[in-house]
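As written in TrEMBL, here are the features:
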DOMAIN    19-283  domain 'NADP-dependent oxidoreductase'
ACT_SITE  Tyr55  active site, proton donor
SITE      Lys84  site 'Lowers pKa of active site Tyr'
BINDING   His117  substrate binding site
Amino acid sequence: MNSKHQFVQLSDGHFIPGLGFGTYKPQEVPNSKTTEATKIAIEAGFRHIDCAYAYQVEEEVGMAIRSKIADGTVKREDIFCTSKLWCTFHRQELVQSSLERSLKKLHFDYVDLYLIHYPFSMKPGEELFPKDENGKTIYDHVDLCAVWEAMEKCKDAGLAKSIGVSNFNHRQLEIILNKPGLKYKPVCNQVECHVYHNQRKLLDFCKSKNIVLVAYGALGTQRDKQWVDQSSPVLLDDPVLGALAKKHKRSPALIALRYQLQRGVVVLAQSFKENEIKENIQV
């Protein structure tokens, strides 16, 4: 593994690079950009690549990683690749086949980390966001503990080296941690976490349970009009970050990333710009 990285040990003994490359993209960005950006990230030194079924770029991510393996830049075991179980596949009989579908797209035999993407379930089927005739999301009722048992089977089958969750609050984490007959506890919880939303209480709770917090949106979210008030402040324009960046002769982005690493948080950095990708790895 690349010596530049600081690694965090997971509760199952595996190690996760402290800095990862996120592959979520806004709809208007073409999928080919993901292949290009992921290749640049690997060339720059990123070894932790975070993707998900719902991002709909697993084929592109797999293509980028395989091309960097083919040209000798990395070996498969150098790469820590994450994918996530989408909410329409929570029923026990669908979990493993959903992971197998992701593996087929990635052209891998296993992922290093597989996460339950959200702690709620939606109607099974091919639609990412199933809606009724009134445009309301159609939810499904699946016990989180049942989903977790299916995740444990994926680990036992060797399809995922580690398993964890994403977007869980401490009560939802406790449901799994207190599950009778728990075989493996979640190694991590991936949540939105940045200077404006530092998740201090959740981080303390996760640390007390030896669960690693993984931060997405660490440089501020992508400000999707659907979810983000466009008049809200832009994180990287924050005057405090700007002043610290000036003082340390670094960019505001590097200050924001460094903040997470110093708290023991695994942090995901995301960009489609070559200069930003190369800069982010310098953290």
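Even glycines carry a Cβ here, placed using N, Cα and C.
Keep in mind it's a predicted model, so treat the numbers as computed, not measured.
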Rounded to the nearest Å - Cα separation of Lys84 (site 'Lowers pKa of active site Tyr') and Tyr55 (active site, proton donor): 9
Fewest-neighbour residue among recorded positions, criterion Cβ within 10 Å, set Lys84, His117: His117
Pairwise CA distance, His117 (substrate binding site) versus the residue listed as 'active site, proton donor', rounded so that it is a whole Å: 11
